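Participant: Have a look at the structure that comes next, please.
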Amino acid sequence: DRVTCVGQPVGLVLAETHDAAVAGAAAVTVRYGADLPAVLSLEAAIAASAYLPGVPLHRIERGDADAVVGCPPDGVATVSGTVRIGAQEHFYLEPHGSVATPTGGGGMAVTASTQAVGKTQDVVATVLGLPASRVRAGVTRLGGGFGGKETRSVYVSAAAAVGAAVTGRAVKIILGRSADMAGSGTRHAFLAHYRAAYADGSVAAVAVGGGASPAVAAPAGRLIAVSVDLYANAGHTSDLSVPVLDRALFHLDNAYDIPAVRFWGRACVTHTPSSTAFRGFGGPQGMLVTESVVDHVARAAGVAPEVVRAVSMYGGPVGGGGLDAAAAVTAAAAAPAAAPADSPPTPLATPFGMPFDPSSLRACWTTALDDAGWARRRAAVDAFNSRHRFRKRGLAALPSKFGIAFTFVTYNQAAALLHVAHSDGSVLLSTGGVEMGQGLHTKLGAVAATELGIPPSAVHVEETATDKVANASPTAASASSDMYGMAVRHACRQINARLAPLRAEMAEAYARRINLSAHGFYRTPRLDAVDLGASDAALRRGSPFFYWTTGAAVAEVELHTLTGAWSARRVDVAMDVGRSLNPALDVGQIEGAFVQGMGWCTMEEVVRGEPALPPHPLGGAHSWVRPGTMTTTGPGTYKIPAARDIPRDFRVRVLDRRCEADTIHSSKAIGEPPLFLAASVFFALKDAVYAARSAAAAADDAAAAGEGKRRDAPVGGAPPPLPPPRVPHVRLDSPASVERLRLLCPDPYLARVWAGVGAAAEGAIDAAAYAPDLAL
């Protein structure tokens with residue numbers, strides 16, 4: 001047998017008590033043979049071509065992006081760079097746990113902390129050699145899941161079931177926090193290398209072959225072509241890495257109509273625990289890559305990142321909040337028409353050929369900027385930064401669109417079982433959806449009450465179990481309210497049809513032998529099985545999603561440049577949730593997803609030994625960690641957002657719009673889409689870093705001017721007036737930890753660190769001069 005990662009289970013100890021089991025496990029000695037070569041980082045996996053076996057290169061292509069970037073036409077400039085995105089631990093309150101109990105006749109009943117009772121049933125049946133019908137898997141509710149209990153929970157249930165089968169007794173397994181974190185998997189870490197072409201503003205329009213039109217408007221900063229090589233860290237098994245990679249590729253365009261794209265993706269094998277599903281399922285990583293490209297383009301083009309976003313957005317340039325994109329809009333209006341005026345407009349589509357109506361996206365963008373008062377706040381931030389040396393504020397706005405559906409088409413189905421008690425008309429409802437704090441059962445109970453015309457108190461939603469609703473898909477992909485809501489409606493309408501003649505005399509239904517139970521079923525329509533690994537380009541195009549949930553956010557932060565400490569001063573979020581089934585629950589989901597996303601891109605850092613990681617000044621190898629060993633296995637070393645990290649002023653607006661798809665009561669999924677909007681905090685921090693670097697550059701220029709040493713000063717003459725310093729793009733990896741932020745803010749202290757000179761050797765610095773700036 002081979003052990004392929006640190007944290008891999010190698011055995012099971014059964015005992016009467018927990019302490020005895022721990023003592024028994026500690027007494028076991030595992031002998032290993034010679035060490036085999038280990039691949040512990042994405043860079044090492046790429047160098048070794050260690051990709052998931054049997055999984056080809058996955059691709060999304062439109063036009064010839066490489067040709068545009070390699071040989072840009074007139075009016076087009078290019079940038080290139082790298083984005084590194086770290087992993088994230090789920091940190092659910094309740095760790096993995098399962099109880100397996102033998103039943104009469106050789107069956108097995110499993111109660112598990114899982115998002116997937118159907119998968120649990122199948123896996124337990126397989127390891128015990130039983131028909132699936134002899135295994136009952138159930139769950140009342142979870143203490144959090146976030147995707148971490150979609151697949152990884154089944155291994156705990158399988159182990160408990162094997163123990164129960166061997167002993168003939170009930171077996172309970174609950175993982176401790178450190179064991180859970182060390183071996184249960186995290187969000188996928190990603191690495192991306194990009195090249196992008198953008199309009200430099202010197203021409204009104206740019207011809208791009210292969211796009212939606214022969215020429216596109218070319219305001220400064222407009223994205224023309226983007227080429228990305230994307231790599232996901234799968235860990236030592238495939239788990240869900242291929243669909244995670246696909247969703248990242250599907251979301252690389254984010255909110256932008258890019259005429260030419262070349263998105264290529266690979267899932268890499270490393271000797272680390274398998275990465276797994278996490279809220280967003282690859283979508284946030286893909287969008288963060290694109291927004292990093294936008295930031296780079298903005299710096300190169302000399303415009304604000306929000307202008308790049310506004311002029312590149314689906315549907316054409318868009319304003320909001322007084323955003324100064326007037327010149328861009330004028331340039332776009334002056335561009336030549338893509339088609340004769342009397343021809344019908346070309347419908348917008350994503351790079352993989354899915355139609356997209358941008359009206360909701362644009363409404364969210366303008367609403368967020370208007371609510372935030374963008375122009376006024378931008379001026380206030382700039383004014384604050386001009387007055388403070390070691391405290392800098394940053395402001396950023398981001399749009400997003402998130403596709404709703406499982407990309408594995410088979411999973412887009414749901415069922416519900418509904419019983420009406422003849423004595424009092426109360427309802428017992430069972431579905432395949434798992435309640436894990438997201439309010440699913442509350443919403444489904446409300447749907448049933450509304451459809452049947454009874455009070456919500458008359459509906460009881462039973463635990464989720466395979467003996468009530470069979471073949472349940474995992475509760476994931478933000479699709480459960482949509483699918484199970486429609487299944488509940490289907491069941492209710494069957495009951496309504498049967499009872500229509502007897503509504504006034506409910507008690508007579510039972511006496512007349514009318515069936516008071518109904519089985520509802522729903523399958524999501526109009527979905528294509530898009531295969532991004534197919535050699536046939538036609539198979540890589542289609543509609544993998546039912547619809548899009550869109551949103552936008554504006555974030556303002558304050559950064560202490562001497563420590564890297566920061567606070568979120570204000571956040572404005574606008575989300576299109578359709579006709580909400582429960583506005584309070586949806587706002588709570590938006591706030592919770594946003595804060596969890598803040599943790600992902602600012603503070604939650606998974607640390608394990610990575611000796612193959614090449615040195616990098618802002619995050620090199622953790623040489624003090626044993627290779628492959630995770631050290632962030634508890635709240636003492638792994639920090640999630642706490643009370644102080646919540647935005648001080650947190651405003652959420654939900655747009656009341658009908659969903660463009662036929663969904664339950666015209667509502668929209670909301671579990672995952674808001675998470676990426678927290679990247680607005682990441683880019684606001686980066687904006688603050690740029691302010692610090694600009695101030696440092698201005699100070700250097702002023703000092704050089706005072707000494708007559710400006711590089712552009714005429715020989716023997718006075719230096720010319722100082723223009724505002726234009727700070728070049730700087731790479732900021734995710735998460736934007738306080739260490740990374742500190743190291744990106746230049747000052748005399750940091751100069752001594754980089755120079756390797758101690759403060760004592762340089763003399764004391766008059767801290768009193770900066771006293772007003774030293775406290776956040």
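Just so you know, glycine gets a Cβ as well, placed from its N, Cα and C.
Predicted automatically and left uncurated, TrEMBL annotations should be read as such.
This is the feature table in TrEMBL:
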DOMAIN    59-207  domain 'Aldehyde oxidase/xanthine dehydrogenase first molybdopterin binding'
DOMAIN    220-310  domain 'Aldehyde oxidase/xanthine dehydrogenase first molybdopterin binding'
DOMAIN    368-647  domain 'Aldehyde oxidase/xanthine dehydrogenase second molybdopterin binding'
REGION    618-637  region 'Disordered'
COMPBIAS  627-637  compositional bias 'Low complexity'
REGION    707-729  region 'Disordered'
COMPBIAS  717-727  compositional bias 'Pro residues'
Participant: Average the pLDDT scores across the domain 'Aldehyde oxidase/xanthine dehydrogenase first molybdopterin binding' (59-207) and report the rounded value.
Facilitator: 97
Participant: Are there residues at least 6 beyond the ends of the compositional bias 'Low complexity' (627-637) whose Cβ is under 8 Å from a Cβ of it, and what are they?
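Facilitator: Result: 5-7, 38, 40, 89, 177-178, 181-182, 271-273, 605-611.
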Participant: By DSSP, how many residues in the domain 'Aldehyde oxidase/xanthine dehydrogenase first molybdopterin binding' (220-310) are helix, how many strand, and how many coil?
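Facilitator: Computed counts for the domain 'Aldehyde oxidase/xanthine dehydrogenase first molybdopterin binding' (220-310) are 35 helix, 24 strand, 32 coil.
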Participant: Please count the residues of the compositional bias 'Low complexity' (627-637) that DSSP assigns to helix (H, G, I), strand (E, B) and coil.
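Facilitator: When I sort the residues of the compositional bias 'Low complexity' (627-637) into the three classes, I find 0 helix, 2 strand, 9 coil.
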